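Visitor: Feature annotation from TrEMBL assigns active site, glycyl thioester intermediate to C607. What TrEMBL lists as coiled coil is 790-817. Taken from TrEMBL, the feature domain 'Ubiquitin-activating enzyme E1 FCCH' covers 199-268. Residues or ranges marked as domain 'Ubiquitin-activating enzyme E1 four-helix bundle' in TrEMBL: 270-342. Residues or ranges marked as domain 'THIF-type NAD/FAD binding fold' in TrEMBL: 426-907. Under the heading domain 'Ubiquitin-activating enzyme SCCH', TrEMBL lists 613-863.
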Amino acid sequence: FIVKDSTDNDLSFLQKMAQADIDEGLYSRQLYVIDHDAMRRMGKADVLIAGMRGLGVEIAKNVILAGVRSVTIQDEGVVQWRDLSSQFYLKEADLGQNRALCSEKQLSSLNVYVRVSAWTNKLDEDFLSKFQVVVLTNSPLEEQLHVGAFCHSNNIKFIVADTRGLCGQLFCDFGESFEVRDTNGETPVSAMIAHISKDNPGIVTCTDEESHEFTDGMFVNFSEIQGMTELNSYGPIEIKVRGSYSFSICDTSNFSEYVKGGVVTEVKQSEILSFKPLNVALDEAIRDPGLVEMTDYGKTQRHLSLHLAFQALHRFTQKYSRAPHPRSQAGAEELVAITKELCKDAKFDELDEDAVRQLSLVASGDLAPVSAFIGGLAAQEVVKACSGKFTPLRQWLYFDALECLPQENDGVLSEDACAPVSYNRYDGQISVFGSAFQDKLKKQNYFLVGAGAIGCELLKNFALIGLGAGEGGNITVTDMDSIERSNLNRQFLFHSKDIGRLKSEVAAESVKEMNPYMNITAHQNRVCPETEEVYTHSFYSNLDGVAAALDNVDARVYLDQCCVRNKKPMLEGGTLGSKGHTLVVVPHLTESYGPSTSGGQKAIPICTLKNFPHRIEHTLQWARDQFEGLFKQTAENVNNFLSDPTFVDRTVARGDVEAVEILEGVYRILGEEWPQNWADCVSWARRQWETLYNNQIKQLLHCFPRDQVTSSGLPFWMGAKRCPDPLTFDTNNTTHMDFIVAAANLYGQIYGITGSRNRADIQSILQGIKVPEFTPKSSVKIAVTDQELKEENEERKEEDKVKLEMLKEKLSKLQLKDQSFRMHPQEFEKDDDSNFHMDYIVATSNLRAENYNIPTADRHKSKLIAGRIIPAIATTTAAIAGLMCLELYKLVQGHQKITSYRNAYINLATQYFVLSQPCVAPTYTVSDEATHLSPSNMLLHSCEMFSSNLRFIYNFIKINNAYGIYSKKLFYTLMED
């Protein structure tokens, strides 16, 4: 169900439609983080978010994008200048008006399926009882205690979120008994079985293809076991890991003897958690540090000190009706004194007084990056409360980024420097960093690469903090992609009316609305070697820094090389579902992003794909390869052949094996397989079906019969080798017809022939098609390993040379009636449900899975794997962008102590946070002088000093063996430059 346009009158109808099922077009990336069942539970939840300053609107934005049933925003206050520092939906024209009312319209536009309403009165118990989740932001402790007690006694999930300058606080109470249906959201672990012992306990040994991923305490189920079949029907069994390839289970001594085969799969277990009410958890956190989640393991005592300091802040505010004045030493000492009193009551004698003082000095501040981080975390807790997915926070979390403050040699900020400025939208930030720093932020020139999910969040933060928003300042944002509907679920700067427009242009327009003083330039270029004429040394020289919001490793590596070469700092961040990371690169101080060491996804052996698949990932990759080969690569080769007279010679130069494969495809598609009409396309699809799912399997079984044994006397078909079965075509089988319809239409498309979805007509055509009988050949050899395949290719060299000459002669004699004819290669597009691409992939893969008795995958899972989709959710994106912008504060100030910077890895599903100091840039000795250089900087320096002796440079660079391969590659690149 696609919403092209809507008015307020449409909302009730649309919301009813939403309840019927989930809009996969909109939520596609989020559904890979939160499954369909969890999404349906969320769709029944009504959420109240109280407080519409920066933190409140951040939480509301993320929760609305996630897709609950309704969100009510509450605020009794009016818009003030300082609100503009972090509240991205408030404008100067809103000053003096109610914050909730001013935010309602923009929040409503984020998700048509979520009902958004504003409430401007006080919170009373009748009103609170309407909601399943209540969130309080920036609220007084007295209100928190009252609302928290009511929610706990009425089984309403209760969340408190607060930010004070560079510090943040989060609390969760989900009641006496809260069921977590999936603690981590990870795909259940599975492995193939090599052997199971008859013993007490029984020992399960997995195939040695790769080590298993099971852990102690997991529960598993067994299937497809031959021999010890009792385990196939046994309930979930708890395991204990014994090694990388084995684990123990229950007593199997009385079971039948294990013969072969079997798959073991993790069974997710739900957990029941109990939460303490706020008044109890408030006091017990000091006595039970397990109630306080660590966000930075180097600040354990500081977290506990902040727990008391936040309480002291509430007392201070209650006494003076305000927070401590910015940079007020008197206020800081008073807050320390109040905190010490609380320490006595709590019997806590490890107070970090310096942290309390610093909190006091910045407590009146309101920073967009801190709101983004805490808001992302709080919104994820709302998602958990509504869905039962992931492990909730239990129960306190404290965060601080006090290392963002000026370093000692930068001088001490004064009260006057941080005092509010009349009619200034950055007051909340000036309170923390001072007016001089604000002026410096405005003059920054930054390059943002990527305007997707993280890019949108970064631009929001840039607008709020005023990056490049003054004379001489500018943000250049580049992204070559256009807006698609699936983007709207997390790229909140875009709306339905923007679909089809360029991301960079719309993003630039959106942030200009947030902050009209922004100077921003939109590009539509990919940052790569081909655009180095645009992004030259001169371009980088004018920059103060670069922010990377990219979705692939290769692009990050290239951008990192550009930054190292031009000595520019880089902020980098990425997400994968609920997981995220940040990296800050400071020239001559920290390690750079460096080379790609993982090589992307682990490659599947060719022989596994061709003949021995045993996982659905294998059949999906095979299906994707079929698509690329049949409907894209061959069509492209034909067009090159028709338009480039040198195509054949260039192809031959690639080697005989590859040349034969390519030229055979060209000749076949321009000759005997050229369809004249739609019926020919259907006939081709039917023959293709027979070849793939019957003939090739019969040939494989002829080469390796079911009772085949290896030279060791073991069954050939065991472990990772699943013995296949040929399929028999049946027009009444839905999957069989899915393949025919998709394959025939795609084949017609590459020739420009109009197809059809009419299955009755297609079945009628199929009745007249005669499929040739197939007889397996004894002369055919099938390689079992990739090494065997390589050896076979070597043996076929002479045969391939003969074939190649014949093909060259045949192609030279080809005569086309229409010399202008060109094919239409199909570029795989997973998100268009009308183009037959995913139809073909799903059917092709599942039929292959049926051949090998592999559990099939539905369209949703198939799209994830074959489309190589990166799961995404707005909560993680917001949190990561917030952390990146906290590092930006340090870069703009010019921090030179590495202890000031933080790289981060977080997992919001399990409350896992690692904020760590970056690695120091490698140190090398150049002319007896120790120099901090990254490998690429070292290359530049070496080239200048030893340009006459290139071999010496290369050997010198290999001092650090960890960079040897990377340096060699970069060495030659630099020497060419």
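Numbers here mean position along the shown chain, with the first residue as 1.
Cβ atoms here come from the backbone N, Cα and C positions, even for glycine.
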Visitor: Going along the chain, which residues at least six beyond the ends of the coiled coil (790-817) come within the CB cut-off of under 8 Å?
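Guide: Here the qualifying positions are 641-642, 648, 652, 656-657, 659-660, 663-664, 666-667, 670-671, 781, 783.
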Visitor: CB neighbours of C607 (active site, glycyl thioester intermediate) within 10 A?
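Guide: The answer is 16 other Cβ atoms.
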Visitor: In this predicted model, what is the average pLDDT of the domain 'Ubiquitin-activating enzyme E1 FCCH' (199-268)?
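Guide: So the average pLDDT across the domain 'Ubiquitin-activating enzyme E1 FCCH' (199-268) works out to 91.
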Visitor: For the domain 'Ubiquitin-activating enzyme E1 FCCH' (199-268), give the DSSP counts of helix residues, strand residues and coil residues.
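Guide: For the domain 'Ubiquitin-activating enzyme E1 FCCH' (199-268), the helix, strand and coil counts are 5 helix, 24 strand, 41 coil.
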